[in-house]
């Protein structure tokens, strides 16, 4: 007995390296429970009662319950054919007619929601996981396993849940050569070359992970789309992935290049009003749906950063989108059209341009078009105000696009928990229909009564063994999915449940790690772009600070465009005396942003140009405050290091060491951000550092000379 | 008890996906043994007796024994402090003085060899693993574990082994952006961006795998070398890898760009005779050795395929190599200079050019220069005659370079076991000093009395979970290492020991799989380039057939250059009536190749241009024979598929399915090779297919039109 236990321990622990805690299992770890929680789970999973001839989706649900319980308890539960005490009963009423008598309130759960309830069934105390569809059951199974993994009570459950947003999507910026734009976790997980023949088991694990948090769509390829994606060879590859994902309720979508009819079809034009062009797209849509009957639709980046689009033919975005929508409509497909549009030829302040372009098109889009808007009006900065398009286009379903990969937030190695950023965006109040007109309500379709609704996260997933380049980046994928399902969840709740599943339920670990995660985004704001600064990153790869750069071809690519720093002061006047970007917001919001008394520190320099000596509410000068904010960010990372250093006994050696190493990198780079930024701004302000502030480690020329020719993701 | 066994089974089997048989463990799998072999191993590993204060290398050896025995037996053996029955005693006589009395013959084992012997020590029957160094002990530990894993008798051992070649090296063609030239297994395993901070545990597993087969060097970067590799940032990254590899006896080497003094140093020239250039390289060498005290040296591709070199300054390869050698000499470093040189400006037949260039330089190289010669005179074709440089430069240590990655052999998905190719190269008789002057003897230094000796394999390793893009490609890495250690090993023996460690020792599996592997290289020759054809692959990426291509800038890049096919016949006349490449071989070899009666089928069209109607020894025409050889290759792959299909019960599901899928790809592509090649050659010969031969599936234009824009590795 002892020998076997030893063997067991050894096999779990030291033996082959493949079995190390390498992060592959994500939040679906299912490690053996300690005695007390084990008893709790075992009592409510004494057996599984399920329909006799399960569909692929229900098989996936049952497989996950078996896998999870085998991990947590040591063995999967036996199957039961009649209710018995402690059984998990999983099925739709159609599949398990004995559930009908329970009168479960399934009507409002739709096609994806689920209900979990402790009931008495045929005299036995059981837990029922019910839904209207087998996909709903799959979501319910994952929800029950989440409860089991996080130490919840399981004997008196009564919960139901349905997604508030219909399309919950990961956008992969993956190229066909397997490079990933803004990817920091290895190559694309899509092994295009060996698809469609080889279906890497990892694709199934990807689908499991997404289904567990409710993600139901994946755009497989980069929005800077290669026309080749629409060739028969690549459609077949996408179809193979769709086959893998289908049981998990995940649809495949594709980014398309607007010039495809020219490049692939040999047509002389891609003009959306040309009948041949429309016919080409109709035939292409038919071809795709023949291979992928449940294909989601097209994501389009048009007339943006060099991509072709309807503007090449003097057509509007609506004319372009509607032509594609007509091709997809017979198949119930959807066009997601990106509003991320700005132009070097446009002298208008960049954060104003998307609104100026799209607002007049409100009401002009076909019924199966969604306009996808980034959370902020610039580009995934550590902090931005919400985009003024939210609330401004009531006739158009708007999707929210956030970036899960950390292009501007330290790449893979900085620990920055993004849920507070996502939450800040979702909770932002547009005042479009009075107070409480949050971005969340806009994108849920609730504010303006749209049936279509969508949210997209630019994926941080790659071929790295840990999927996302670090274990903590997994939390951002997780949080995106959880918030997409329910925008009302709190960042902290999500952090805690993620920590419990990913590491341990021990409160001595959960509490400090949750606190560390919760503060991490503000830390990044502080050491990179405090007080409303933005886009201060180095050119192209966006790695590290370069606030001095002002010589790029397009004015709005330059950090100096955003900081407007000179001898007198810093910040961008976007009030009526400046670019008047504030005017694009609803009046209460515009007033708040325009008024120095109400704008607050977070957006101060986004909306205002101020002298270095400007007195902050604290009484200190802007200059001194700016310097101290950088330092506060660095200090916060040092505090994160100290927190983590005290937690080694709760974490396996491999993941502990990796996070510790990455925090050290983050601390070094936070210091670099601080020092380089201060060195530059001091060269303009000519002001002394506030008392006690450490001078930059090097002179400005040192920072200006740094080059990173092989920075990833570019 | 039963419940625990069940738990054990579950934990080994179904539970989390991370624990699937994903190929990560390579041949170091250490899965639990069945009862009978378990008893054999347990009896000889009842305890481990080792020196009290082990060095890092000995710690690695002991760690591996613990890991291996924990896997095989369920628990690692206890440590003993005095000999006891069944103990494994591991140490050098210096570390374990009690070994001295055994009078073990260690003198000839050098710094890397080992001895394993069953002896009586202080009255106890034990197994001794002894060596002169702790690296030798590490090799011995791996050798003993190989015996244990392959089901050898362990109670009466008396073996010793020392490497026959001093430098046994993997050449990684890995770029600093993590792409891999001719890599088909994902990205570079070197995560340059996060080095030197983050030392991925995978680096240690890489070192373990290499040490287990005796590889003792790694060139980290592509021979098409980026100058940036020699910047301080990248030297620090290389040093971190060297730190990881050092306990495993593996030295780090770097490919260098000959123009580095210009590109990095700002010098006006890279002329090797310029004192400033020499001084730059000396300083750079000093800088590298300060970071990596045991740095191996430089690998140089110069004046080849666009790379800079001494020829840019009208200096010879010897002048270039010797300048670098002088920089390394104070540190005992070595220059490995590649002989893979050919020129578009040179009208000489390509396989003659390296000989013409280097043969006159024999005796002109410094003492710490090795000339690295590819096995054949062209470029890693499925089959080539040996390079005429072997045996032709007695004053110069020659290294053999083979390609483990399968640039011209179907990429990752074709099952082609390369040991027979390596063996064919090693066993080739140069007749340089009479019969028996094999390539192996040349590169071992035995033929000409050189102390320096080296062999290099272009690695097939990448970030893919299975390391090499398929489980069977692991055998090529394994076989390279084993043959580098001992060129006399047979391909079949290596295949069998690899199969036993990687899959199972069951003879019902080992015998058919070994047979399948042993025939696989000839199959590839037959379906790609039968009868001595070469370089018929598509341009650039080398994926698939393109024998019709004749319009490339450089004549010797064209398949038509090699096949010389026209209405009258096919093949390249390299006898005295043609390019006279045969004259570069020793007379007995030259006569054999030049004579149609002795050249044999394998090199027939390499050396001879023959009419389509030429009568083969079989009596059949060349045309009919050519067609049937293509078909034989396709049929051989079909037979491999049938073999594998019968073996599913011996292999886990994941690895079984992967190999089955890849064999299906291989069969389809073998058919494509056959059909496209026949379609083209028939367009010239105008001859009917032999009776029973299936016509090509498509017409020639179909094959010519195929394009593969995202083919990997290019």
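Cβ atoms here come from the backbone N, Cα and C positions, even for glycine.
Per TrEMBL, the feature signal peptide maps to B:1-20. Annotated domain 'Alpha glucuronidase N-terminal' per TrEMBL: B:26-144, in sequence order. The annotation domain 'Glycosyl hydrolase family 67 catalytic' is assigned in TrEMBL to B:149-467. Residues annotated as active site, proton donor in TrEMBL: B:305. Here TrEMBL flags B:379, B:407 as active site, proton acceptor. Residues or ranges marked as domain 'Glycosyl hydrolase family 67 C-terminal' by TrEMBL: B:468-692.
Rounded to the nearest whole angstrom, the C-alpha distance between residue B:379 (active site, proton acceptor) and residue B:407 (active site, proton acceptor) is 10. There are 19 other Cβ atoms within 10 Å of the Cβ belonging to residue B:379 (active site, proton acceptor).
Here residue B:407 (active site, proton acceptor) comes close to B:182, B:380, B:542, B:713: these same-chain residues lie at least six apart in sequence, with C-beta atoms under 8 angstroms from its C-beta. For residue B:305 (active site, proton donor), the same-chain residues that are 6 or more apart in sequence and have a Cβ closer than 8 Å to its Cβ are B:224. Under DSSP, residue B:407 (active site, proton acceptor) is assigned to coil, being neither helix nor strand in the three-state scheme. In the three-state DSSP reading, the residue listed as 'active site, proton donor' counts as coil. Secondary structure at residue B:379 (active site, proton acceptor), taken from DSSP and collapsed to helix, strand or coil, is coil.
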